[in-house]
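Visitor: Here TrEMBL flags E104, E345 as active site, proton donor. Positions annotated as active site by TrEMBL: D251, E363. Residues or ranges marked as Ca(2+) binding site by TrEMBL: T449. According to TrEMBL, the feature domain 'PA' maps to 580-674.
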Amino acid sequence: MHSPKCFIIYREQIIEMFDHAYGSYMKYAYPADELMPLSCKGRVRGQEPNRGDIDESLGKFSLTLIDTLDTLVVLNKLDEFEEAVRKVVRDIRLDNDVVVSVFETNIRVLGGLLGAHVMADLFRQQGERMQWYRDELLHMAKDLGHRLLPAFNTTSGLPYPKINLRYGVLNPLSRIGTETDTCTACAGTMILEFAALSRLSGDSVFEKHARKALDVLWNRRQKESDLVGTVINIHNGEWIRRDSGVGAGIDSYYEYLMKAYILLGDHVFLERFNIHYNAIMKYISQPPLLLNVHMHNPTVSVRSWMDSLLAFFPGLQVLRGDLKPAIETHEMLYQVTKQHKFLPEAFTTEFRVHWGQHLLRPEFAESTYYLYKATGDHYYLRVGQSIVEKLNVYARVPCGFAAVQDVRTGTHEDRMDSFFLAEMFKYLYLLFSEKSQLPINIDDYVFTTEAHLLPVSLSTKQPPCQDNMTVSPQHNTFNFILSMDLLKPLIEIELPLHDNGMESVEFLKSMGISLMPLNEAMAGRVYQIKLVAELSQTNEEEEVVPHIVQLISPPFLGRTVLTAGPAKFGMDLTKQEHGVKGRVVKALPYTACGPLKNTIEIKGHIALALRGVCMFAAKARHLQDAGATGVIFIDHREGSNSNDSPLFQMVGDGGSTADITIPLVFLFSCEGQILLDALEEHHNVDVLLLPQERQLGQAQKSSNGRMTTGLSTVLHPRQQIQDAAALQPAMG
């Protein structure tokens, strides 16, 4: 069906808008990662005020240019595409000492390089363009893939959320490596790019790791509801946030299951998607709404608002062939845009603004495109027309297009994210174009979540590895590649590993072994260390029993209560009716990994010891031998706390721990610092170690979520910080 003449003008208008946005980036910002459209300059990491996690998309690799490469092809700007590829090959480095998001770097940069390589290779084979091209973009993609691989060195196989492009994760210079959790989408949105990289380069390692991450998420789904949570611990696979929806934090996990089947032809992905989809339609879909539920109790909605990222979901439903709910949800979203000009970042079931920001996100345009192609209904062209007009009227500025800080006021924000050029203009141009007007056959490609183009012909390309093995939960391993100047063959060493993997890392460092990223380690002799985790397996519903350290001496008198984790060995505090009481004494040395220098002070008291260097069991034996009546281990990772990190049960060293009979508990860094501060100020501090449910006093939950007792109000560190901040004047 031909587009009606009254809509043809919009295709030309979209090209003009793209020229304005892309031209502004190249004129004012390149080689910076992004354009600041109000300042008419580039955003360079470290030269502008830090925006937190948002800036982890920026890697000093001309992000917007890489993200835009295959958009140039779709819009038939082939001369500009060839020129841009030359710039990327000539100017861009990927070995920068910068911490980036694994998820964002994968979908934007790796996906951008792969999509552009596929286009460049196609034109080269056609014999008209790119005759100079020798797979440079594919080589860059493989280099970047190897720089991302160390993120998968976790106990579970789920990737770390961040990585240093030069130093990896565990190198002391990386400035990261203490992260404990990631979002479901972050771990589950790797398979398209990594599998494409494996099949285009012939190196199986990328697809293998991406498949493993998907296996873990699938195996950790709630078996009764078939839903997944939003945030998961990368070391032990426990869910941190258990709300389940189709928007932020989960969205592209479901998208990539469906698209992995389309791209790779592996039916296991379709089977998993269909099981999840049935659960979504049973519990989350309340047509036309899509509301988050608790994965373990999915019959109750956990919030009354939706986020704008779920706007992709009608497009995914079109791919599945489920048009009726797709049409209903899309229409609901359209009504929200009519009321507020754009989709707010979050909005209520009554369409009121929950978060007013609009970042020029493309998901609504994406679903509009899919619905028009599926139905041929010109109504969706009119929806596209409204998107184009509102962008021009409310987001256009002299140096590009600016995000809207608040849709209620129309004020702008000095940002134009790379996805605006990568996705928005692709979908809008395709919406108003016939296939014959495109330089490629668009049906030959799968869109990644960043709208990069990967060929469906990869499904007929023999994968370099056939195994889709899920590691047994009883015997988890992960591998480090180590560079050692020794002329010996490849060897494998097995070491015990705790739930989060950190104790053996410390042990390796104490042996003088430096942990290095894979690509840098290959320069020397390569050895493989296998770290064997003996994880305590529990039923999915079983929770770690929270313990507490309650400060009972004056002036605390039970009012200060610190959340603690238990141990799988030593005295079982759940069987001690009144807990264990004692005065706390700091061990010397603080790590308690060698002979203690203050055995007289420790005898008869509860010892404080710092985590790290040696195993929990070794510390416990040293302290028990010194006469300690209990041990409180304090985390060595600065800033860790029980709000952001899941409680876990400390485990032994792989051998018998029956000789350890004293009680052992674990405090994260923030809770431990509270205890250390109390000890420094008051010198004599008595504590009570016991399960949280037996806390001294009559406990009940107050309406604000804090646990209150007859003696105290218990605050986690974040609550203490927030409450203190409320009493302080604002500070920069």
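Think of each number as a place in line: the chain as shown, counted from 1.
A Cβ is built for glycine as well, from the same backbone N, Cα and C atoms used for every other residue.
What you see is a predicted model, and the numbers here were worked out from it, not measured in a lab.
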Visitor: Taking the Cβ of D251 (active site) as reference, which residues of that chain separated by at least 6 in sequence fall under 8 Å from it?
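Guide: Long-range Cβ contacts: A185, L309, L310, F312, F313, T449.
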Visitor: On the 0 to 100 pLDDT scale, where does the domain 'PA' (580-674) sit on average?
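Guide: Per the prediction, mean pLDDT sits at 91 for the domain 'PA' (580-674).
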Visitor: Using the structure shown, find which entry in E104, E345, E363 (the active-site residues) has the sparsest Cβ neighbourhood within 10 Å.
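Guide: Least crowded of the active-site residues E104, E345, E363, by Cβ count within 10 Å, is E345.
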Visitor: Can you tell me the CA-to-CA distance separating E345 (active site, proton donor) and E363 (active site), as a whole number of Å?
Guide: 12
Visitor: Reported in the order helix, strand, coil, what are the DSSP residue counts of the domain 'PA' (580-674)?
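Guide: Summed over the domain 'PA' (580-674), the classes give 20 helix, 24 strand, 51 coil.
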Visitor: To the nearest whole angstrom, state the Cα distance for the pair E104 (active site, proton donor) and E363 (active site).
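Guide: The separation of the Cα atoms works out to 16 Å.
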